[in-house]
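Enquirer: The structure follows.
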Number of protein chains: 2
Amino acid sequence: MSQPAKTLAAGRPGAAGSVGAVETRYLDLPRPLRLDCGRELHPVRVAYETYGTLSPRRDNVILVCHALSGDAHAAGVSAAPAEAGTRDGFGAEERDGAGGKALGWWDGMIGPGKAFDTDRFFVVSTNLLGGCRGTTGPSSVDPATGRPYGPDFPVITVADMVRAQRAFLDALGIERLAAVAGGSLGGMQALEWAVSHPDQVDAIVAIASTHALHPQGVAWNAIARESILRDPAWQGGRYYGTGRAPDAGMGVGRMVGHITYLSAPALGEKFGRRLQHADDLRYTITEPEFEVESYLRHQADTFVKRFDANTYLYLSRALTYFDLARRHGGGSLARALADVEARTLLIAFSSDWLYPPSASEEIERALRAAGKPVSYELIEAPYGHDCFLLEEARQTPIIRRFLGGAG
Amino acid sequence: MSQPAKTLAAGRPGAAGSVGAVETRYLDLPRPLRLDCGRELHPVRVAYETYGTLSPRRDNVILVCHALSGDAHAAGVSAAPAEAGTRDGFGAEERDGAGGKALGWWDGMIGPGKAFDTDRFFVVSTNLLGGCRGTTGPSSVDPATGRPYGPDFPVITVADMVRAQRAFLDALGIERLAAVAGGSLGGMQALEWAVSHPDQVDAIVAIASTHALHPQGVAWNAIARESILRDPAWQGGRYYGTGRAPDAGMGVGRMVGHITYLSAPALGEKFGRRLQHADDLRYTITEPEFEVESYLRHQADTFVKRFDANTYLYLSRALTYFDLARRHGGGSLARALADVEARTLLIAFSSDWLYPPSASEEIERALRAAGKPVSYELIEAPYGHDCFLLEEARQTPIIRRFLGGAG
């Protein structure tokens, strides 16, 4: 586990390196996956990428878990042709999962000398179960019918996602994980790993995440799903091959999501109340009049081109279901965490109102009360939930230090 | 201006009286209304109610202005048959404008001995221009075609709403107003009155309002409108008489609005993460699983039965346009308020994140800097924007004191 000679200078771009060109690969799980809902899923294909080198003792594996709209392409430059999309340093959830884009969604965090240092660690990133970027999900073909599952895809949970990752790692011959890391829904997966596989995880890094989404977050997710479900083009979920898809409804859902990922002050700073046409009202109800209105439309239009509506429904449902205390502790978070053996790093952002610091603090308190090793870092930053994708420079020394790197 | 013998005991229901049975009346403006967009509107009918007695000198008139989904029925018991709807003390925006319901939307504030004391004042409430509860709006018949205006209705502004009110009061023979009062969009109208008719308004009460909606609020409104516009049943706004209406899209828009009217803690307290079926997941993506999901559906279903989608579009657009500084001050709020003569009372609620206290504080500072009489009251209350409808008991002594009552 050699350390790179250079020390990462946080905030100095170029100080750390890139993993270079990468390609998403695919692995078919050898056995059916038994799910929380009682059903079995088979076959299950997992899309994945790896960065760095697996140590001979196979003890340097970090599993990186993505958020709702992510994919396996977490770092490096995709070999796939780049789609439209830029890293503009704002509204970064947009990058999250922008499969086919040149740069991975967490490229600033994964690479030589970076937070998840590929000079030390073998970083594995999978598209999660239910996804639409290569891993089996609602848009995959149901072997029973020869057509895409659509609404016949089983309703999945975060625990099911972890089961799929466990089975995938088994197939790769990886037993233990040096760490599981992720933000948002990705952090939920990391927490679920620590609770359900305590003897197999040395450390977890849960960023801008929660042990259970608060009721307002449940509501936002419900609204986004409603918007898809109420779009006639959804067609009960059987829109594949019909030439129509619920782009209109998913676009609105994405707009809701997008605003919840950003803080009100960040939106204010970026757009203010600037008009599209220099301080001149056009008196229209159908066209964007404010810059922020035009931005929302653009975000929605871009998103629906790359994401499957049923996957949105299923993953949104899974993340609202996630509830460590209910599932593992009979309602008690402390009991749910009682068997955790992993060291835990929690990172939260002051302006994140969707996955607020209070959620991380509840986890911290419960772990601390149980005598578990836990570090909690609250980063003051203005960009809301999207900070977990934007504030790479400030997370890097924290994560490196936690993982035993140069800091 | 006799004072009632009894003193209002805030928080003691029944201490103040009801205005009793009321009926909405209608008045046709005698002349065309010239609008900001350059068009003229004619005919214009105004739906209104009055409570109390006009003094011989006509100097005791309070104009009450409603919010987005309101109507003229602000107080008392409507003579119209009651629709479904209860005052459950939560999610009260729902009551706002629930025309046909038994009780007016601000009944707790208007009546003998109440905040707007009908023993002293002659309270006038109109359905605003563009509305769908009796005042001319997009669902009214366009005399040019004999069919409802739909998208041909002119795009209106808050200043246009005030113009319609001004013309309506002229027709009633009322020149001056002792006060203009309202919450949210209603508060915008009160502010617009003070700025555009400084010599005709003695006082304004702007509650949970703003001089210009912040960019996140603009975004929420844009999302709600998008949801309507993208519903195929909207049919370019010409859905009247087709047997289809954009209920699906407006329902989602209303859900967005509803959540922005409430605070996250209030939602948490009311619903928590309780499941519909006692802690038992049903593994469904189409049906409500959490109580808050079911609540949202119910709110949407109730709302679309009583509200016109085009009115929603037009009023939402008007309230995002509203910008005192841009319109009246060349970008400067201080300049916009320079000619105000009315005494101003601003009330904000600590948990209101849609019309946050900071907005009222900006108005307070600008008025104070200009040497204008202004009172600002910040009420610590947990229910978010809906507080202006819920926290009647705590607003009452503030408003009574401001209006020179017993407090």
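Start at 1 and count along the chain as shown; that gives each residue its number.
Backbone N, Cα and C define each Cβ position, glycine as well.
According to TrEMBL, the protein carries these features:
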type: ACT_SITE; residues: A:Ser184; note: active site, nucleophile
type: ACT_SITE; residues: A:Asp352; note: active site
type: ACT_SITE; residues: A:His385; note: active site
type: BINDING; residues: A:Arg254, A:Asp386; note: substrate binding site
type: DOMAIN; residues: A:99-390; note: domain 'AB hydrolase-1'
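Can you walk me through where each of these features ends up in the structure?
Expert: Annotation note: A:Ser184 (active site, nucleophile) sits in a coil segment as assigned by DSSP.
Classification of A:Asp352 (active site) by DSSP places it in coil, neither helical nor stranded.
Over all protein chains present, the Cβ of A:His385 (active site) has 27 other Cβ atoms lying within 10 Å.
A:Asp386 (substrate binding site) falls within a helix when secondary structure is assigned with DSSP.
Mean pLDDT for the domain 'AB hydrolase-1' (A:99-390) in the predicted structure: 97.
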Enquirer: Between A:Arg254 (substrate binding site) and A:Ser184 (active site, nucleophile), find the distance joining the two CA atoms and give it rounded to the nearest Å.
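Expert: Between the alpha carbons of A:Arg254 (substrate binding site) and A:Ser184 (active site, nucleophile) there are 16 Å.
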Enquirer: What same-chain residues, at least 6 away in sequence, bring their CB to under 8 Å of the CB of A:Asp352 (active site)?
Expert: A:Ala208, A:Ser263, A:Gly384, A:His385, A:Cys387
